[in-house]
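Peer 1: Can you read through this structure? Questions will come right after.
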Amino acid sequence: MGSLSPAIGSKFVAPARNSHCSGFHSLSPVLRSPRPSLNRICKKIRVHTEKKTPSAIDYSDPDWKIKFQKDFEARFNIPHITDIIEDAVPIPSTFCLRMRTPTEDFADGYPSDEKWHGYINNNDRVLLKVINFSSPTSAGAECIDPDCTWVEQWVHRAGPREKIYFKPEEVKAAIVTCGGLCPGLNDVIRQIVITLEIYGVKKIVGIPFGYRGFSDKDSSEMPLSRKVVQNVHLSGGSLLGVSRGGPSVSDIVDSMEERGINMLFVLGGNGTHAGANAIHNECRKRRLRVAVVGVPKTIDNDILLMDKTFGFDTAVEEAQRAINSAYIEAHSAYHGIGIVKLMGRSSGFIAMHASLASGQIDICLIPEVPFNLHGPHGVLRHLKYLIETKGSAVVCVAEGAGQNFVQKTNATDASGNIVLGDIGARLQQEVKKYFNEIGIPSDVKYIDPTYMIRACRANASDGILCTVLGQNAVHGAFAGYSGITVGICNTHYVYLPIPEVISHPKVLDPNSRMWHRCLTSTGQPDFI
């Protein structure tokens, strides 16, 4: 929830809008350059964890609450096709579940005179925050002012609209999957295609291997239909393939114009969404009637403002296998210690939830909570205590945790992400060394199930989430919205402007009730 700088001033403050990296808001620094590369635009924002007091709000002003709400509403206003095409005329929606197929003559209405009440009103809103914290000292408190005043914050409800701004027979929709693999990619692709066909779209294509597919002459579009995608959700991976980086924003939009693409669905994380927002802004700059809609894909669950992202539940569930294996190895050995490294570059959600779910973890280490390895309060001393009292121990560590203990290479991947050191392997080395030095025998096993988890088929929970996200992405595009992403907030599906969800990765709050629950489960002390 960190992008709402005034709303959570007691915790995080997002950078000013004009300081956002390429792909945010106006994108002027990027679009002024000759040909901005997607490698630059898709760089993830560094975690901004400084605790500051917001200076933008004058609490002595009796109208500060009203002004805050107006500013919030302006920030979360979602871009629409009519912003650049003022004379765009809406037509009756071709999406009606009382019809088996879309009517050919959709502009004249439906065969039935009976009104269908399945549409969402454009003025429908979803409450972003539901807890009225009475004190800034409450666990996980998110306060706007020192008195923790309750201020309603609303975002746009997702779903089909009664009026649409694209004629289905004139639509050519494209789907692209970027970044790394994640359970549920095929589920989202499938539902986007199926929902587009229900609207009446005949031209649907997949762009192979991420953004680079727009410029790669050796990769051709993949025609998509319900028949093609019918069973793709039964396996993991991506039907379209994935990659990082890509050509310039200008080249991508040039390619879209050449191909006649006027709906683009982008599946990816923070960096991918920054690229999608850049494409959206370039289309607006050229006054193109194009809808660019994102579907947040990150196994780490590190997208701001959303309850969760698809693939996360599956990752937590699959992580149980690795944790259980580590537990059995440790429990069966003399002074056995099992170490499991899970995903989580900047956030420890998978490690925390997997630890809670398994009930077999003694130590959970995450990027948001610093720790010492050595010393009287260090991890190694606590492991010694566990070996002496329990005979074995299991450690779960997020990949981004303890990076101060590993050698930095300053290398980056194609998306601009810093290549992390292997904290799991380093932890294994330090544990062996420590127990060898104090003369206590130990048997240390290290398990890294990352690629096994990423390649899994989505479980039932993620399958439902993917289905609804895919459907709502299409509804948003037909409603004329662009530069938006779809997500779940307080159990309801919403549309959010992309810049508000990518200012930096969502991180776990060490003061949250969920982290406190994890500490209660593991029984671990502070390692400082």
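Just so you know, glycine gets a Cβ as well, placed from its N, Cα and C.
Not my notes, these are from TrEMBL:
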type     : residues                                                                               : note
DOMAIN   : 173-475                                                                                : domain 'Phosphofructokinase'
BINDING  : GLY180, ARG244, GLY245, GLY269, ASN270, GLY271, THR272                                 : ATP binding site
BINDING  : ASN270                                                                                 : Mg(2+) binding site
SITE     : GLY271                                                                                 : site 'Important for substrate specificity'
BINDING  : THR298, ILE299, ASP300, MET343, GLY344, ARG345, GLU399, TYR451, MET452, ILE453, ARG454 : substrate binding site
ACT_SITE : ASP300                                                                                 : active site, proton acceptor
Peer 1: I'd like to confirm something. Which of the binding-site residues, GLY180, ARG244, GLY245, GLY269, ASN270, has a Cα closest to the Cα of GLU399 (substrate binding site)?
Peer 2: GLY180
Peer 1: Hey, of THR298, GLY344, MET452, ARG454, which of those binding-site residues are within 10 Å of GLY269 (ATP binding site), Cα to Cα?
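Peer 2: Those close enough are THR298.
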Peer 1: Max CA to CA distance in Å over the substrate-binding set THR298, ILE299, ASP300, MET343, GLY344, ARG345, GLU399, TYR451, MET452, ILE453, ARG454?
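Peer 2: Site span for substrate, by Cα atoms: 17 Å.
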Peer 1: On the Cα atoms of GLY180, ARG244, GLY245, GLY269, ASN270, GLY271, THR272, which are listed as binding ATP, what is the maximum pairwise distance in Å?
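Peer 2: Comparing all Cα pairs, the maximum is 13 Å.
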Peer 1: Could you check which of the binding-site residues THR298, ASP300, MET452 is the closest Cα neighbour of GLY180 (ATP binding site)?
Peer 2: THR298
Peer 1: If you count Cβ atoms within 10 Å of the Cβ of THR272 (ATP binding site), leaving out that atom itself, what do you get?
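Peer 2: 32, counting other Cβ atoms within 10 Å of THR272 (ATP binding site).
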Peer 1: Take every residue in the domain 'Phosphofructokinase' (173-475), average their pLDDT values, and give the whole-number result.
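Peer 2: Result for the domain 'Phosphofructokinase' (173-475): average pLDDT 94.
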Peer 1: What Cα-Cα separation, expressed in whole Å, is found between THR272 (ATP binding site) and MET452 (substrate binding site)?
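Peer 2: Rounded to the nearest whole number, the Cα-Cα distance is 23 Å.
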Peer 1: Closest to MET452 (substrate binding site): which of the binding-site residues ARG244, GLY245, ASN270, GLY271, going by Cα position?
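Peer 2: So, spelling it out, the nearest of the binding-site residues is ARG244.
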Peer 1: Within 10 Å of each Cβ, count the other Cβ atoms and name the one among the binding-site residues ASP300, GLU399 with the highest count.
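Peer 2: Max Cβ neighbours within 10 Å, all protein chains included: ASP300.
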Peer 1: Counting only residues 6+ apart in the same chain, whose Cβ is under 8 Å from the Cβ of GLY344 (substrate binding site)?
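Peer 2: Spatial neighbours, sequence-distant, of GLY344 (substrate binding site): ASP300, ASP302, ILE350, ALA351, ILE366, PRO367, ALA398, GLU399, GLY400, ALA401.
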Peer 1: Using CB atoms and a 10 A radius, I'd like the single residue among the binding-site residues GLY180, GLY245, ASN270 with the highest neighbour count.
Peer 2: ASN270
